[in-house]
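Chemist: A single structure is presented below for examination.
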């Protein structure tokens, strides 16, 4: 059987792993002192929790549900803003090309440059978040993005606007890859499918939501207000973090020793919960040394963790064809073929957003219910590969949606808008979101201790695959037509994605001696 390894902890393969986890959980519960048991029952109603929280009210697992969900909602919205500020420029591209005196193709780089930046920059943010904490990093991210978008309002040349787009992407990037950290630090195992799905839904929906909303802004308020709305939204997010979001990086070692933070922060655990200063803007550990290994550590997953990498590759393929390809061609189809203005172009994204929201019901909430049922059928054993069964309906829906979208787009008469391509896009988006939530949740569950590294690798593979797409999408559509291109993308998704998932689910990869090894 295959094996996985966290930071010094050995977790064995699918069937044996469940027995080990159950035994470890029973041992942990049995070793709790009566006061701890009483606290958990009073706070959570049960001691059957994974992971087991401490008795500290500052432990994020012990926060009230409303606070945890509010934090997740704000962080998910932050992730949505990454796609929003990039794709939101799409309806305004013709205006920017005219204003800056560049070709329409050159103007698209103002939007696409973010895709490449999102793939790499989170590798720099993770060490910063580990060193100074999640809260300060997210505050810096939101505030920096707001300032850069204010700069975009006043840009008069293509070069200066490109600079603001690059800087905005640098600041707004953290939630694109690091949602797994927040979900793992806030929620128990039985909640993570739904919560991961919420984060991924917001991130995925950002790309269609940006053009939909800013299409109206472009038409009725003008180009400057496109950047103005982005700036105001990012600043509102910054204020929300200030008011409602405490630090989630909880150092349990300090709690066991009686300290809330390192000595450099100068405060200890108070005796009464009312004295807990959970909103303090305080670095977690400024004494932690910087190391180049911190930046390279996530890349070791490519060589040591096929059960993480293969589902990630399957997800990246689906995302590129069922989300990026469709979103990027909407202006061409709606603008050039159907002769719609910026408002009409924005409206075409409604179908994509509807598909994503409905898909999340199955991929997130539905997959958690599915896992609960499978655990009961297995007599209490949790086998995380059971979640992968739900990826296959998602793949089928993506294939059907891409074919319908491509064929109906090609058959449509010029200047005559029809709804059929939008229905195909909605079906493909539905399947894409199911696959997104299922595969991302599975990849994180393989080794929760390395959820941050897994999130970075997910982001890297997805963004690089998405960045490559625009270089060959136009030629593919022009040479094959929309019908042929839709068929090719559907075939790639159907064969490649299903094969990669099956290799993991049926234990074809990751032999008995393989392990996920941290640096």
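For all residues, glycine too, the Cβ spot is worked out from N, Cα and C.
All annotation found in TrEMBL is predicted automatically rather than curated by experts.
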Chemist: May I ask you to indicate which of 35-55, 224-244, 245-265 is given in TrEMBL as transmembrane segment?
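Modeler: When 35-55, 224-244, 245-265 are checked in TrEMBL, transmembrane segment belongs to 224-244.
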Chemist: Transmembrane segment per TrEMBL sits at which of 276-293, 456-473?
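Modeler: It is 456-473 that TrEMBL describes as transmembrane segment.
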Chemist: Can you see whether the transmembrane segment (166-189) and the transmembrane segment (308-333) are touching - at least 3 CB pairs under 8 angstroms, only pairs 6 or more apart in sequence?
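Modeler: Since fewer than 3 Cβ pairs under 8 Å link them, the transmembrane segment (166-189) and the transmembrane segment (308-333) do not come into contact.
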Chemist: Residue list, the transmembrane segment (345-367) vs rest of chain: Cβ under 8 Å, 6 or more residues beyond ends.
Modeler: 90-91, 193-198, 200-201, 204-205, 208-209, 211-216, 323, 326-327, 330-331, 333-335, 387, 390, 393-394, 397, 401, 422-423, 425-438, 441
